Amino acid sequence: MCSPNSGAAGEGRSRKERGADTMRRVVRQSKFRHVFGQAVKNDQCYDDIRVSRVTWDSSFCAVNPRFVAIIIEASGGGAFLVLPLHKTGRIDKSYPTVCGHTGPVLDIDWCPHSDQVIASGSEDCTVMVWQIPENGLTLSLTEPVVILEGHSKRVGIVAWHPTARNVLLSAGCDNAIIIWNVGTGEALINLDDMHSDMIYNVSWNRNGSLICTASKDKKVRVIDPRKQEIVAEKEKAHEGARPMRAIFLADGNVFTTGFSRMSERQLALWNPKNMQEPIALHEMDTSNGVLLPFYDPDTSIIYLCGKGDSSIRYFEITDESPYVHYLNTFSSKEPQRGMGYMPKRGLDVNKCEIARFFKLHERKCEPIIMTVPRKSDLFQDDLYPDTAGPEAALEAEEWFEGKNADPVLISLKHGYIPGKNRDLKVVKKNILDSKPTANKKCDLINVPKKTPDPASVQNEAKLDEILKEIKSIKDTICNQDERISKLEQQMAKIAA
């Protein structure tokens, strides 16, 4: 006789089998499914760094194949550290800094076409562009190559153009976006009437023809900066009141992170040609840290690093539903204050490294390496398709005139060897050059020769004197900072 439960057991078994079948179907094949993250050993971290405490949702860290730059706490203005990648271990308090801003530094970005040029935006309303010596700093750097002035409030975002040389974008709390030709020190495009509220972030598309922005008014906008027009926009891309982020993907779609009305963190994928509904929308968790997205166009992987989280989640973007596929999570004990992301050409291809993050703690910077496990020692060309190299595809003038070009790609088969960078030279344009040529001659003939006005000569002399005094005070502050650091170290030794 059959037991009364045997039918149920049989039904249960078949249900289990059915579940297993479903699971088998759900587990998607991907070469990135087993990507694992690993923090480096302690002696390969950068220790004893006073990471900035400014309440601003930027990553506070920028890296390239030569240097790691970190925004730090500084007395008497704003400063950031620039360390050669090999300069690991404890960083001396008297280590030279880049300290020309008079207010805290809010954002930094390395130029993609020169590993020694970095831009910084600050609370002092200016953008400064710096040339770092080839082997790093031996003295504090107080003189930028160029100061870009045009914002009326603090500048919280700086972003270099991906393919045109010397084109830099900045966005300020005056809700304006300015695009500069750094080679001439001029503001050539000013988008000051497109945002009614604070701009949270700005992202260029792959060839730099469009930008997308996320703003406090909960709108995501796609903008053609040269035509100065909004191409597409989505109201309430995320319903929540906390900050959003929006970045362009290589295929032209836009990826956003934000919060739901119930304060759950969300990620979404949008097609700018039709922004009525998202292609995909996923809810993640109820943490309140802003999710900073880092995107690898070569592998279509997005890494999400929450400020204050102790994890990095990563997803693969594909053409098949659900479009955004969760891969894995790297977890550690310490929360992150900020995060730097290494360009592809700075990775170790021999170890199948596909991403490297520089995680900021309160007092140190810890590299985290993401690897695809492979047994073979040969170059894995499916992991490393040709990637954006350091050569610019266009000059600034060509881009401003309307040309577009994709990034110039390089192969990583034999690793990346940094070439010689050319120095950034700023050539200020002569005001006379911008006058109509026909009038030039007669203008010069008709204008009576001016005798120098004694008052203006006196004013110029006075101005020179003030500038010299400001420079001397700045130098004194830098020296005093170093002296205080040395005394603190002596005190610490005595106390120990």
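Just so it is clear, glycine is given a Cβ too, placed from its N, Cα and C backbone atoms.
These come from TrEMBL:
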type: REGION; residues: 1-23; note: region 'Disordered'
type: COMPBIAS; residues: 12-23; note: compositional bias 'Basic and acidic residues'
type: DOMAIN; residues: 25-89; note: domain 'DUF1899'
type: REPEAT; residues: 98-140; note: repeat 'WD'
type: REPEAT; residues: 148-190; note: repeat 'WD'
type: REPEAT; residues: 192-233; note: repeat 'WD'
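Here the repeat 'WD' (192-233) has Cβ contacts under 8 Å with residues 57, 156-157, 159, 161-164, 167, 169, 171, 173-177, 179, 239, 243-248, 250, 252, 254, 256, 258, 270, 272-273, 275, 297, 399-400, 402, 404-407 of the same chain, all six or more residues outside its ends.
Counting only same-chain residues 6+ beyond the ends of the repeat 'WD' (98-140), those with a CB under 8 A from a CB of the stretch are 52, 54, 56, 58, 61-67, 69, 71, 74, 77-84, 87, 146-149, 151-160, 162, 165, 168, 170, 172, 180, 182, 343, 388, 390-392, 418, 421-424, 474, 478. Mapped onto DSSP classes, the repeat 'WD' (192-233) shows 0 helix, 21 strand, 21 coil. Confidence across the repeat 'WD' (98-140), taken as the mean pLDDT and rounded to a whole number, stands at 96. In the repeat 'WD' (98-140), helix, strand and coil residues by DSSP number 0 helix, 22 strand, 21 coil. Helix, strand and coil counts from DSSP across the repeat 'WD' (148-190) read 0 helix, 25 strand, 18 coil.
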